[in-house]
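Enquirer: After the structure tokens below, expect a handful of questions from me.
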Amino acid sequence: MRNHSAVTMFILLGLTNDPQLEIFFFIFLFISYMLSVIGNLTIISLILVDSHLKTAMYFFLQNFSFLEISFTTACVPPYLYAISSGDRTITIKACFSQIFFIVLFAATDFFLLAVMSYDRYVAICKPLYYVTIMDNRVCRNLILSCWVSALLIILPLLGLSLHLEFCDSVIDHFYCDASPLLKNSCSDTWPIEQLVIVCAVLTFIMTLVCIVLSYIYIVRTILRLPSVEQRKKAFSTCSSHMIVVSIMYGSFIFLYVKPSVKDEVAINKAVSVLAVSVAPLLNPFIYTLRNKQVKQSFHDILKRLAFLSQKY
């Protein structure tokens, strides 16, 4: 990696300078991180062991849970280590690596949300052809396309950013992110800023258009169903996905779609906590509490474990 600047290390300021508040943030982030990992691992495990959860919908949900674990792990544990050790420094290579994985997992998340909306469209609008359309090969190809699309988004940005020179070593954030990193550069960052905006907007717009179109057809189909019970059941299969979409798009649009990535980043910290910690924590509960099959699977597993514990 080439970098001609004298700065070789960055200092992450974190969320606060107050030692007492820092302890609070440590406890909050640690608990939310552990719960999000446990919750998402539970979903992954349930889908692996339960034969009733082998449809395309749960295959995508399993991959979504893996991405949520990966995304929050890229952000939260390094900051927890920095608080506990008192070492706020991070090398340029480590900083760029963190940005790479954060953007990769986040972008893949958005493309996967679009794929999940298409899956719901097929399930509700073309139920007789669902198994044929969403077979194993198609599902694997859709997942692969999500990762490839995310790589195509991040690689040009990373390639341009590697040649930046930095005049300041202080990053006003609790993890490496594009906004505070570019704020420290003494190079001309305007082309990169514009590319960040273009890539962010394209990712958001492309995926959001897919989601909106899918739900337009879904709503039209649901409203044509003859009974209220059928309409409620159809809406319930989409409600969890719609809630997660609202949380994800709301937080990330606020963070990345704005006139200049060199804007003041202090207000972004609170939204970043929502995006990297709270959202991955909420998602497992949203999907389990609003999904009868997942809840039933969870209860069945608990019964089996209870039976085994009594037996031995």
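Every residue, even glycine, has its Cβ placed from backbone N, Cα and C.
If you look up TrEMBL, you'll see 39-287 marked as domain 'G-protein coupled receptors family 1 profile'. Annotated transmembrane segment per TrEMBL: 23-49, 56-79, 99-118, 138-158, 195-218, 238-257, 269-289, in sequence order.
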Enquirer: Same-chain Cβ contacts of the transmembrane segment (99-118) under 8 Å, 6 or more residues past its ends?
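Expert: Answer is 57, 60-61, 63-64, 67-68, 70-71, 74-75, 142-143, 145-147, 149-151, 153-154, 157-158, 161, 175-178, 181, 203-204, 206-208, 210-211, 214-215, 241, 244-245, 248, 252, 276.
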Enquirer: When only pairs 6 or more apart in sequence are counted, do the transmembrane segment (56-79) and the transmembrane segment (238-257) reach 3 or more Cβ pairs under 8 Å?
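Expert: Between the transmembrane segment (56-79) and the transmembrane segment (238-257), contact is absent.
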Enquirer: Take the transmembrane segment (269-289) and find every residue of the same chain, 6 or more past its ends, with a Cβ under 8 Å from one of its Cβ atoms.
Expert: 15, 28-29, 32-33, 35-36, 39-40, 42-43, 61, 64-65, 68-69, 71-72, 75-76, 102, 173-175, 177, 240, 243-244, 247-248, 251-252, 254-255, 295, 298
Enquirer: Against which stretches of its own chain does the transmembrane segment (238-257) lie, if we need a Cβ under 8 Å and a gap of at least six residues from its ends?
Expert: 106, 109-110, 113, 116-117, 120, 124, 178-179, 196-197, 200-201, 204, 208, 211, 215, 218, 268, 271-272, 274-275, 279, 282-283, 286-287, 290-291
Enquirer: Give residue numbers and ranges for long-range contacts of the transmembrane segment (195-218): same chain, 6 or more residues beyond its ends, CB-CB under 8 A.
Expert: 107, 110-111, 113-114, 117-118, 120-121, 124-125, 153, 156-157, 160, 178, 234, 238, 242, 245, 249, 252-253, 256-258, 261
